[in-house]
């Protein structure tokens, strides 16, 4: 039995304004019981404009839900219009920040070098990066999905020391399964997540590899989460659309009951 605490993180993407965010987090908090938090860490990744409202709610009501951002600047401050720095997120008491999400790589042309700089920026400010990796459909169909994903893992962790790497979360998200309704089979997801863990052992140590949490992301729902979570190298889920439905996200967090 793994000692890794499962992490269910809801990536809201560009959805929910700050008022909707408050109502949504309140609904999650009301539905989740102490036993749920003992079995699983629950986090939300709202848009930047919601973070202060979520922080105020979590602090004021002493909620056990964690929160974080969907991206971070590689820079700490300066003339970078539209960017948000790690120090700003740290001041909002964010725990997590997603880095290298496929939509950032695809629409904002983020390379492994940029993702690596953002991983380092996260660590500089005491944030835990959720490093997102995964392949497009043509890469999988060519049989290169493992190699492609491990290249992203290695690129994202370049020059990251072990004492930082041991706290990172890695999210395997096959791009072709995100928001499409297509689900990567649990065995296929396990294949890549096991390869990621083996790569961590190669880059650092087996001990470190056994510590790192590896999530699966890609059309996760309450109906498939139990099968995914039964796999030995999958330690949680990065949930997109389903996290916008509070009842559904609570069911996902209660994967052990599904």
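Cβ coordinates are placed from backbone N, Cα and C, and glycine is handled just like the others.
Site annotation for substrate in Swiss-Prot covers 11, 12, 13, 219, 240, 241, and the matching candidate from 179, 185 is 179.
Each of the binding-site residues 11, 219 was scored by the number of other CB atoms within 10 A of its CB, and the lowest score belongs to 219. The Cβ of residue 12 (substrate binding site) lies under 8 Å from the Cβ of 21, 44, 45, 46, 47, 50, 70, 243, 244, each of these being in the same chain and 6 or more residues away along the sequence.
DSSP classifies residue 241 (substrate binding site) as helix under the three-state reduction. Over all protein chains present, the Cβ of residue 241 (substrate binding site) has 18 other Cβ atoms lying within 10 Å.
When the recorded positions 13, 101 are compared by the number of other CB atoms within 10 angstroms of each CB, 13 has the fewest.
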